[in-house]
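Enquirer: Have a look at this one before I ask anything.
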Amino acid sequence: MNLTTNCTENNSVPALPLQELFIDPDYVVFTEVVSVTCSCLSLVGTLGNALAIKTFLSMGLSDGVTVSFLFLAISDFIYLIAVTANSVSLWFYAEEKKYRFQKWYSIDPFGVYIFSANVGIMMYLMTVLTTTFIAVIRCLCVALPLRFKNLFNRTKSTITLVSFFFITVLSYLPILMNMKMVVACDGNINASRTVLWISSKRNEVKQDVWLIRDVFVTLLTQGIIVISVAIMIRCLRRASTFRKRHSESQTRIQRPEDISLSLPSQQSISTLSENFPEFVETRNSYSDKNISNKEVMIARQVVLISAVYIVANIPKIAVDLGTFVVPDFTLGRRYQNVYLAIICAMELFQGFNSSLNMIIYYKYNSKFRKHFKLMRKKTII
């Protein structure tokens with residue numbers, strides 16, 4: 001907390017307008033609960049993604065799948081660091097509002113919150129693009145395995161994901177370049193402290209970037225992932241049916257007393273085909289059109305990651321549509337508290353999405369599970 005003499009109106013940050021719908025006392029209670037929840041979740045998720053990154057590196061980046069999951073873990077790790085900064089600064093801001101700015105800090109926590117939130121928004125696009133990339137590639141590999149199984153190898157996946165990273169940073173950099181922390185007069189406390197300065201050009205830049213980057217890309221990737229997940233689920237069910245038919249045919253045909261150690265003759269194969277045509281049909285379908293056990297596990301892993309992402313992305317879509325429809329649904333306007341409350345819910349959902357992936361990796365990736373256990377044993381020793 002800092003005590004500073006009153007400042008002039010020059011170079012000052014005005015006080016916020018009175019809020020409607022969601023008054024300050026209710027907002028304070030809400031933000032205190034959410035900030036503590038997000039802080040705990042993001043800290044656990046940060047640790048989990050750090051372990052995931054270390055595990056993927058120990059596995060060796062020998063294929064495009066491992067490279068893709070590594071990039072997703074790195075993206076989630078950076079995003080959760082930003083969420084941690086958001087949550088801590090939001091809690092301090094709620095404390096200031098609780099005491100009506102009679103208690104305040106030398107660095108404006110609300111400014112830190114807004115700045116770190118923008119860093120989080122910037123990095124979350126990497127998670128969005130990486131998740132979409134993984135979902136689409138796995139969908140193609142499951143639906144058309146013979147054509148797309150080896151299409152995206154380690155090199156192609158790395159080039160694609162590095163390109164996504166540059167797109168993520170460069171597309172949002174104009175917004176970050178129009179905001180910084182400076183010493184100025186804060187109208188809420190009528191004193192000077194380090195606050196967030198926002199350029200008058202930022203709103204114009206943000207409007208263009210927001211329409212393309214947040215609204216269009218968010219809705220487009222959401223639709224692509226939903227379609228990819230639906231196709232993968234259909235293919236997985238079909239693969240399960242083929243496996244069941246194959247197993248039943250094997251049980252009916254191969255009895256212990258009929259098994260010979262010698263290779264079957266062409267005549268015996270023809271006889272088998274005539275007597276059990278459904279077995280031959282199932283065998284051909286299984287070998288030519290279906291997917292391996294490894295591909296099934298990867299597909300299940302991707303389906304679960306994508307499903308969590310779809311649910312976690314709903315608050316972001318609500319924020320984007322609300323901002324587009326209601327002009328006052330933004331910072332510094334009448335509905336700022338409602339806007340920030342939904343932003344908090346969005347960060348909570350997205351933090352859950354980024355934190356849960358470690359559990360999914362461990363459950364559905366046997367190679368990841370094996371290397372993680374070996375790494376843990378080495379740490380204990």
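Placement of Cβ uses the backbone N, Cα and C atoms for every residue, glycine included.
Below are the features listed in TrEMBL for this protein:
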TRANSMEM  27-53  transmembrane segment
DOMAIN    48-361  domain 'G-protein coupled receptors family 1 profile'
TRANSMEM  65-93  transmembrane segment
TRANSMEM  113-146  transmembrane segment
TRANSMEM  158-177  transmembrane segment
TRANSMEM  215-236  transmembrane segment
TRANSMEM  298-318  transmembrane segment
TRANSMEM  338-362  transmembrane segment
Enquirer: Does the transmembrane segment (298-318) reach the transmembrane segment (158-177) with at least 3 CB pairs under 8 A, where each pair is 6 or more residues apart?
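Expert: The transmembrane segment (158-177) and the transmembrane segment (298-318): touching, no.
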Enquirer: Restricting to CB pairs under 8 Å, which listed stretch, 113-146, 158-177, 215-236, 338-362, is in contact most with the transmembrane segment (65-93)?
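Expert: Counting Cβ pairs under 8 Å, the winner is 113-146.
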Enquirer: Let me spell it out: take the transmembrane segment (113-146), skip the flanking residues so only those 6+ beyond its ends count, and list any with a Cβ under 8 Å from a Cβ in it.
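Expert: Sequence-distant neighbours of the transmembrane segment (113-146): 64, 68-69, 71-72, 75-76, 78-79, 82-83, 85-86, 89-90, 93, 152, 157, 160-161, 164-165, 167-169, 171-172, 175-176, 179, 181, 196, 213-214, 217-218, 221, 224-225, 228-229, 231-232, 235-236, 239, 288-291, 295, 298-299, 302, 305-306, 309, 313, 331, 343, 347, 350, 353-354.
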Enquirer: If we skip the immediate neighbours and take only residues 6+ beyond the ends of the transmembrane segment (27-53), which ones have a Cβ under 8 Å from one of its Cβ atoms?
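Expert: Sequence-remote neighbours of the transmembrane segment (27-53) are 19, 69-70, 73-74, 76-77, 80-81, 83-84, 86-88, 90-91, 93-94, 97-98, 337, 340-341, 344-345, 347-348, 351-352, 354-359, 361, 368, 372.
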Enquirer: At a C-beta cut-off of under 8 Å, are there same-chain residues at least 6 beyond the transmembrane segment (215-236) that contact it? List them, or none.
Expert: 125, 128-129, 131-132, 135-136, 138-139, 142-143, 291, 296, 299-300, 302-303, 306-307, 309-310, 313, 316-317, 320-321, 324
Enquirer: Could you pull the average pLDDT for the domain 'G-protein coupled receptors family 1 profile' (48-361)?
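Expert: Per the prediction, mean pLDDT sits at 79 for the domain 'G-protein coupled receptors family 1 profile' (48-361).
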